[in-house]
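Asks: Take a look at this one; I'll ask things after.
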């Protein structure tokens, strides 16, 4: 090919490239340019911005608008996926009892909830629920095996569960064959001379374990006394951000009759005329973050009392009631979830989920 032919061919190639390029940048798809971010200081340091700054400029905001639409769709889908209280809870099913607090938190009674809706919702969330329990000294032989056996059968059936078992002698742990989706972790704790100190120090211990590992392992956490037995399904209807348990002996009483700590010197002090319910420290729970806050605040109160040489009337339970007075629980469990059969079985107790064991204090406690 002569020189003239080469020149003509080169001009044709260049013209073709220019035309293709011109058509491309004016098409909706013509936005895939890359420019070194270091040459565009306005873009800033964001790796996300670096990727889409020039395409957005070429397309006059086309990609930004598209992103806004996608974000709106994602937000809408997220809102639709959230479970509303009315989706699973009907307070009017039990008109004879209190089913809603003044601050609009549900009080869960048998008949007020739809567990199938909740099970389906939480299964999609792929939650794991934790349960802490303490057994020290003779509490191990008298209560731990029955507690764990019944929990294995009734607690959060169908969902992954981790039992966190705190004992002062690991060698005395009962052998329990756990069902599917269940596991346990056993931790040795330091024994205390008085049962009151064991009760109060558990707040510190639970908080330490939440910080160390529990917060990374579960979505919800319950803390329970070992001298109880599950009688029926204790399910996902109990889950919430901050969960308190009504005390079986006091759920019908006037707040002025509650056995709150009434001494002003105590950090757990609640004056007459104040208070909503009397809560039982045998069961409380929530998200790990909320349970951590509960345990830390209660332990602060306990330490303050020790410094002032005072001990609240009902120890950690007094401090728990003070906490829930100041920080209202987002869900409350009826006495059906922690019932004492010594009371009998009133008509409003439809289905007992968990019951107290016989309190053999003279046998299990070193100091009564």
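Keep in mind that glycine also has a Cβ here, set from the backbone N, Cα and C atoms.
Taken from Swiss-Prot, the feature active site, nucleophile applies to 317, supported by experimental evidence. Look at Swiss-Prot and you will find 134-139, 225-227, 247-250, 259, 359-365 tagged as substrate binding site, backed by experimental evidence. Annotation source Swiss-Prot lists Mn(2+) binding site at 225, 227. According to Swiss-Prot, the feature N-linked glycosylation site maps to 293, an assignment based on sequence analysis. Swiss-Prot lists 23-368 with the feature topological domain 'Lumenal', giving sequence analysis as the kind of evidence. What Swiss-Prot records for 7-22 is transmembrane segment.
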Asks: Under a criterion of Cβ-Cβ distance under 8 Å and sequence separation of at least 6, what residues of the same chain contact residue 247 (substrate binding site)?
Replies: 277, 278, 279, 280, 335, 338
Asks: Do you know offhand how many angstrom separate residue 225 (substrate binding site) and residue 317 (active site, nucleophile) by C-alpha?
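Replies: Computed Cα spacing between residue 225 (substrate binding site) and residue 317 (active site, nucleophile) is 12 Å.
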Asks: Please work out the number of neighbouring Cβ atoms within 10 Å of the Cβ of residue 134 (substrate binding site), leaving out its own Cβ.
Replies: 23
Asks: Quick one: average pLDDT across the topological domain 'Lumenal' (23-368), no decimals.
Replies: 84
Asks: Report the nearest neighbour of the residue listed as 'N-linked glycosylation site' in space among the recorded positions 134, 137, 227, 250, 317, comparing Cα positions.
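Replies: Answer for the nearest of the recorded positions: 317.
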Asks: Using all protein chains in view, find how many other C-beta atoms are within 10 Å of the C-beta of residue 227 (Mn(2+) binding site).
Replies: 21
Asks: Using C-alpha positions only, work out which of the recorded positions 134, 137, 250, 317 is nearest to residue 227 (Mn(2+) binding site).
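Replies: Smallest Cα separation from residue 227 (Mn(2+) binding site) among 134, 137, 250, 317: 134.
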Asks: Should residue 293 (N-linked glycosylation site) be counted as helix, strand, or coil on the basis of DSSP?
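Replies: SS state of residue 293 (N-linked glycosylation site) = helix.
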Asks: Write down the Cα-Cα distance for residue 317 (active site, nucleophile) and residue 137 (substrate binding site), rounded and given in Å.
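Replies: One finds 21 Å between the Cα atoms of these residues.
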Asks: Please work out which residue of 225, 317 has the most C-beta neighbours within 10 angstroms of its C-beta, and give that one of the recorded positions.
Replies: 317
Asks: Sequence gap of 6 or more, C-beta under 8 Å: which same-chain residues meet both conditions with respect to residue 250 (substrate binding site)?
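Replies: Once residues fewer than 6 apart are set aside, residue 250 (substrate binding site) is near 257, 258, 259, 277, 278.
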Asks: Is residue 317 (active site, nucleophile) helix, strand or coil when read with DSSP?
Replies: helix
Asks: Return only the integer: C-alpha distance in Å from residue 134 (substrate binding site) to residue 317 (active site, nucleophile).
Replies: 15
Asks: Take the Cβ of residue 137 (substrate binding site) and count every other Cβ within 10 Å, whichever protein chain it belongs to.
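Replies: If we count other Cβ atoms within 10 Å of residue 137 (substrate binding site), we arrive at 18.
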